[in-house]
Every structure is written in C-alpha cells, then in structure tokens.
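Database features (TrEMBL):
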- 29-296: domain 'ABC transmembrane type-1' (DOMAIN)
- 22-41: transmembrane segment (TRANSMEM)
- 81-102: transmembrane segment (TRANSMEM)
- 140-162: transmembrane segment (TRANSMEM)
- 168-188: transmembrane segment (TRANSMEM)
- 253-274: transmembrane segment (TRANSMEM)
Amino acid sequence: MTTETAETGNIKFSVVVSYMRSVGYLVCFIIAMAYALQNAAQVYSSIWLSDWSNDPQNPDGTQNGTALRLGVYGALGMTQALMVLASAFSLSYGSVIASTILHSKMLVRIFRAPMSFFDTTPLGRIVNRFSKDIYLIDEVIPRSFTGLFMTGFQCLSTFVVIVYSTPIFAAVVVPLLILYYFVQRFYIRTSRQLKRLESISRSPIYSHFSETIAGVSTIRAYGLQKGFTRENELKLDTNQMAYYPNITSNRWLALRLEIVGNLIVLFAAVFAVVEKNNGSVNAGVVGLSISYALQV
C-alpha cells in the first residue's frame, strides 16, 4: 500500500484555476460583479442618506427635493436587492456545476483505474475522497467564497466610507493593514497544514472501519473485538490531534481580528471627534463613519 503524504506550502494557483474553470469564467465574473455592485449600492445609499439628513429645512419643517432624494434612495435599495439575488443565484449555480464536474471527473478516473491502483490504494482513502472531500466541494468551498466576497467588499467599503468621512484616517490604514497581514500570514500557514494533516489522518479511519466490517465474523471468532476497538480509538485520537488545534487556531485568529477591529473603531471615533471639533465634518458624516467602523 502506498503512503498518503501531505502537501506543504501554498495552495497551487493551478488548483484555483481548475475550480474556476469548473465553475465557468463567465459565472465567476458575474459573481464578482454582483457582489461589487451590491456593496457599491449599499455604500452609496448610506452616503446619500447622510447627505439627505444634512439638507436644510424650510420654515414649515419640510425639505426641498424630497421626492428626488426618496426616489434615488429607493432605486439604490432595489439595485442592492437585485444584486443580492444575482450573487446568491450565480454562486449557487456555479458551485453545483463545479461539484458535478469535479465529482464526474473523479468517478471516471476511478472507473478507468487499473487493478494495480486498487492494490496499492486503501479503500478508506478512496472513500475519504468521495465523502469528506466532495462535502468540502459541495458545502465548504461555496460558503468560503461567499465569506470571501462579503467580508472582502465589506472591509473595502468600510475603509472607503471612513476615509471619505474623515480623510485623516488614511494615515492609520497602512499600519493596520500591515498588522493584519502578519496575523493572517501566520494563521494561514498553520491552519492550512493542520487541515491537510486532518484530511490524511481521516483515511485510515475509513480503511479500518471497512476492514472491520468485512472481517467481523473472523474478529469475533478469535475474540479480537477489544484489540480492534482500541486500534479504532487510536486512529480517532490521531485524527483529533490535528482537528482540535485547527479549532484553537480559528479562535486565535478571531481574537487578533477583534483587536484589529477595535483599533479601527477607536481611530475612527477619535478622528471623527477631532474633525467635528474643527468644523470640517457634520453630524451626519460622523454618524456614517462610526456606524461603518462598528461593522468591522
């Protein structure tokens, strides 16, 4: 039997290109544009509402141009709603197409594999590819792309709005990005390798289970139940040794990101107060800046 080894280093760009090819380049473009337009409409509607709140009132308490303000704000809301539907539909469609194509390719390769492949490859490794790995393609990768687009554009929108509201905030953007880069770099290296080790340590569990089911009568005849149970527990412990640190690494990242987010809120609030005292911004712009900073 061949030994399964874990990859090291960065994920190859060819893997990403292969997945994008399965999704379809046009669908990928539509997904990116839908998320971009969705966030652009959200940001502009917030800016539009902030400007609207600063319009002067007439003596009777009304404002001029209310119909225009309301119409533009409603149009931006409709645009955002349509882009949300377009992004959700295109991402769901693309992920289903990619899952079908990748599963079909793997299934065809297995059907056409020579007998020597099955002599050197444990059954548990094949089951692992068709169970956990397909689950990752079906469920985890689409959710990861959704989080990537939503979080990425949301962070970009937040920085744009805060810098638009208080331009002095641009002075601390670069240090915050550098801090975030080093935190993310350390986390990705650790988490990526832990996920690879967890995937490799899962295959022996499937192999041991299938072999136990196949020879259960012999195991019972020779009274080896405790030995096989102990071996199964050892394989599960080995798998958990890679799985549990992955959870702790996620909490480590969440804590550091929370610190970065709190720093953004702190600087946004301080600079907003300074700009307001200098008279360079109004209350609506200050509220817009703080509200977006709290979303980080």
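Sequential numbering from 1, following the chain as shown.
Glycine too: its Cβ is placed from the backbone N, Cα and C atoms.
Note that this is a predicted model, so its numbers are computed, not measured.
For the transmembrane segment (22-41), the partner stretch with the most Cβ pairs below 8 Å, chosen from 81-102, 140-162, 168-188, 253-274, is 81-102. Only residues 6 or more beyond the boundaries of the transmembrane segment (168-188), in the same chain, are considered here, and those with a CB under 8 A from a CB of the stretch are 159, 162, 249, 252-253, 256-257, 260, 263-264, 267-268, 271, 274-275, 289.
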